[in-house]
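Colleague: Pasting the feature list from Swiss-Prot:
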type	residues	note
COMPBIAS	66-81	compositional bias 'Polar residues'
COMPBIAS	89-100	compositional bias 'Basic and acidic residues'
COMPBIAS	109-130	compositional bias 'Basic and acidic residues'
DOMAIN	42-107	domain 'SUZ'
DOMAIN	111-152	domain 'SUZ-C'
MOD_RES	Met1	N-acetylmethionine
MOD_RES	Ser37	phosphoserine
MOD_RES	Ser39	phosphoserine
MOD_RES	Ser51	phosphoserine
MOD_RES	Ser105	phosphoserine
MOD_RES	Ser107	phosphoserine
REGION	29-152	region 'Disordered'
Amino acid sequence: MEDEEVAESWEEAADSGEIDRRLEKKLKITQKESRKSKSPPKVPIVIQDDSLPAGPPPQIRILKRPTSNGVVSSPNSTSRPTLPVKSLAQREAEYAEARKRILGSASPEEEREKPILDRPTRISQPEDSRQPNNVIRQPLGPDGSQGFKQRR
């Protein structure tokens, strides 16, 4: 770089051809470096043509999941254990026990006998004591007209 001449302006360097020589020199250097550090050859990409027959479609197999003990179960068998069938008397006894635990009574008949005290009784007034429903005024329209009484 020390022995290179520096031009007064870029116009003088362009006229003398100095810029062209420097560019060619740098281009040769970069080409040499690229040859030294050659990358492995690029693999060509094959684009399949639609006119050629395609291969068979890939095989899809549906596999069954093994159960917890490693044996594949059949689709008809259920994974739930079968519960023993209870008789009507056993079911009624369990129902009565649960009802007593939750509601405090064993059967619904016990509650029907007791009157319901939670609801307030409605007091009905005799017809005479009711106040008459008198209309105090008839509404007027916004412009002072008769309002609802106005006939169309």
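Keep in mind that glycine also has a Cβ here, set from the backbone N, Cα and C atoms.
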Colleague: Hey, how far is Ser107 (phosphoserine) from Ser37 (phosphoserine), Cα to Cα, in Å?
Modeller: 94
Colleague: Ser107 (phosphoserine) has how many other Cβ neighbours within 10 Å of its own Cβ?
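Modeller: Ser107 (phosphoserine) is surrounded by 12 other Cβ atoms within 10 Å.
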Colleague: On the 0 to 100 pLDDT scale, where does the domain 'SUZ-C' (111-152) sit on average?
Modeller: 65
Colleague: On a count of neighbouring CB atoms within 10 A, which of the modified residues Ser37, Ser105 is highest?
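Modeller: Answer returned by the neighbour count: Ser105.
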Colleague: Round to the nearest Å and give the CA-to-CA distance linking Ser105 (phosphoserine) with Ser37 (phosphoserine).
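Modeller: The Cα atom of Ser105 (phosphoserine) is 93 Å away from the Cα atom of Ser37 (phosphoserine).
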